[in-house]
Amino acid sequence: LEKKYDEICEFCKKHKAKIHYVIYGILITAYLAVVIVACSLNFQRALPLFAVTVIAIFFICWDFLIAKHEDRIAAFFFHGDRYLKKQWFWLKWVLCAALTIMIICWLIFDTTKQGSRQLISFGGLVMYVLLMLIFSKYPTRVAWRPVFSGIGMQFILGILILRTKVGFDVFNWLGIQIQTFLEYSDTGAKFVFGDKYTNHFFAFKVLPIVVFFSTVMSMLYHVGFMQWLIGKVGWIMHVFMGTTPVESLVAAGNIFVGQTESPLLVRPYLPHITKSELHAVMTAGFSTIAGSVLGAYISFGVSSSHLLTASVMSAPASLAASKLFWPETEKPLVTLRSGIQMAKRESKNLLEAASQGASASIGLVANIAVNVISFLALLSFLDSALSWVGNLFDYPQLTFENICAYVFMPFSFMMGVDWEDSFIVGGLLGYKTFFNEFLAYERLSKLIQNREKGGSMYINGVKQYMTVRSEVIATYALCGFANFGSLGLVIGGLTSIAPSKKKEIANGAFRAMIAGTAACFMTACVAGMLTVPSLEVPCHILLGNASNFTDFPANSTKLHKCCQHLFTSANHSEEIFPGGNYSLNSWKVCCQILGQPTFHCT
């Protein structure tokens, strides 16, 4: 028996690769059979599974072709690449002229259809780019390809997600799925803290989500999925924007992980990167949020689809802002030819990876909890002190939020926020910058809940909620770690990873925080240009808010359609004012817009 056992072991070792192929083939065949059966039974129900399968097959084939025939593919495109380089001098001017004409035409048509609101957001985007250029480290050395291509990637992503029904529905579906997935953390929270765990919402409902998400991310890292996904996103940004591999990988990693975790992906290369690359690494961390806290913000009631969109759009924005604020003046040493490899996790199996992920979240959860406690206490003390000072001058309403609101009000208005809401958004930006985005999103969630409940918009002269458009823009503007608390975290974290770069990290961290803030503001401007409230606001709410045209301009096609629908429904009804959600104010607005001389208006 021992002899036979040794022979079998020897056979398995000799044909190990073939056996693996056979096992993989059986598993893949079984999986495809399951997909085919599921699609044949109910294709609509199996559509997500079918879409994931098609995408997976495409990328597997792509990786196989690149691995086997990379040289042939490079040789095939070699002559075209050489021709483009020869003709690039005049081609770039043709492309710039075509791009300018396209932007002007798009602005004209979009303004005609959606109103002039989008022009303010466009002006804000131009303003932030100019400010970054004026205060750039080397204004005359700016390479404009990363800047314009980064903003272009934002627009492409924004148009696909915010303007097309398919893109909006896909991200909305993804947001719902993530929300559902994160709710599974309630099972563990309920077991540990009891049935009434929701009575302590933040401690026992929000923080367990961070633990659960950290565990899942650690498992995805162990199986190699996150490295593969980050590599693909980073490669796209590297090719499209012309940024270096290190910058691109870290920016892509920041979509999914935190500002101290993503540099670990390229840890061996950090001692060899340039000052501009180091600045880009820090800026990418400041302009995005980690996936673990993304779940916490979703639990607050902030739109999951917009948070997902903001996370994706801020990655190219961070590189654009970084290369504008600190242009490259040195020759990068780390390139694709040097064979860049991402660092791997040390876990030996999936269970160990899950355990490590859960354990790693302890520090993050504790950090979030103590920061929220200390910052809220400090904020309460500041408000009390400022109110006392203001009372000396007969202005007891003076608070930290009011001061921040006045400071950031112009910036929020230039993003496209309604003027009457810019004061509130300015206060949120102050919370985010001087404390952290947790407090800002918690305050934003209360404003969203107030709007959903309805009621009076003003109480004692204080606005209780904002328009949907302002909420959306605020969601994008707040989606980043750019605050003074994170400044120390980044300096400490990067210094421990690359001690030789300690001086450069300390010198560039504050500039990186400003660049990260500007990147978030640029993302908010793009969202302000592309956001269409009609995708999420029903007609009765739209007409209810249209008396002062805060959500839509008077010439909006959506308002016209809603009013025509209202009059059409009334023509088929015996009542002059049909019941339901429509108010008398809605009729007045429609009469004013359409100028209907019908019995409804008289």
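Cβ from N, Cα, C; glycine included.
What TrEMBL annotates here:
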- 124-195: domain 'Concentrative nucleoside transporter N-terminal' (DOMAIN)
- 203-301: domain 'Nucleoside transporter/FeoB GTPase Gate' (DOMAIN)
- 306-528: domain 'Concentrative nucleoside transporter C-terminal' (DOMAIN)
- 21-43: transmembrane segment (TRANSMEM)
- 49-67: transmembrane segment (TRANSMEM)
- 88-109: transmembrane segment (TRANSMEM)
- 115-135: transmembrane segment (TRANSMEM)
- 142-162: transmembrane segment (TRANSMEM)
- 201-223: transmembrane segment (TRANSMEM)
- 235-258: transmembrane segment (TRANSMEM)
- 278-300: transmembrane segment (TRANSMEM)
- 358-382: transmembrane segment (TRANSMEM)
- 473-497: transmembrane segment (TRANSMEM)
- 509-530: transmembrane segment (TRANSMEM)
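Broken down by DSSP into helix, strand and coil, the domain 'Nucleoside transporter/FeoB GTPase Gate' (203-301) contains 80 helix, 0 strand, 19 coil. Sequence-distant contacts of the transmembrane segment (88-109) (same chain, six or more residues past either end, CB-CB distance under 8 Å): 118-119, 122, 148.
Look at the domain 'Concentrative nucleoside transporter N-terminal' (124-195): DSSP puts its residues at 61 helix, 0 strand, 11 coil. Of the two recorded stretches, the transmembrane segment (201-223) lies close to the transmembrane segment (278-300), with three or more CB pairs under 8 Å once pairs fewer than 6 apart in sequence are set aside. When Cβ distances are compared across the two stretches, the transmembrane segment (49-67) makes no contact with the transmembrane segment (115-135), since fewer than 3 pairs at least 6 residues apart fall below 8 angstroms. Packing against the transmembrane segment (278-300) from elsewhere in the chain are residues 175, 178-179, 182, 185, 205-207, 209-210, 212-214, 217, 243, 246-247, 250-251, 254-263, 270, 307-308, 311, 314-315, 317-319, 321-323, 325-326, 361, 364, 368, 437-438, 441-442, 444-445, 479-482, 486, 490, 494, 501, 504-505, 508-509, 511-513, 515-517, 519-520, 523: each is 6 or more residues past its ends and has a CB under 8 Å from a CB in it. The average per-residue pLDDT of the prediction over the domain 'Concentrative nucleoside transporter N-terminal' (124-195) is 87, rounded to a whole number. Within the same chain, residues 143, 145-146, 149-150, 153, 217, 226, 229, 265-266, 269-270, 273, 277, 280-281, 284-285, 287-288, 290-293, 311-312, 314-316, 318-320, 322-323, 332, 334-336, 340, 342, 364, 481 sit at least 6 positions outside the transmembrane segment (235-258) and bring their C-beta atoms closer than 8 Å to a C-beta of that stretch.
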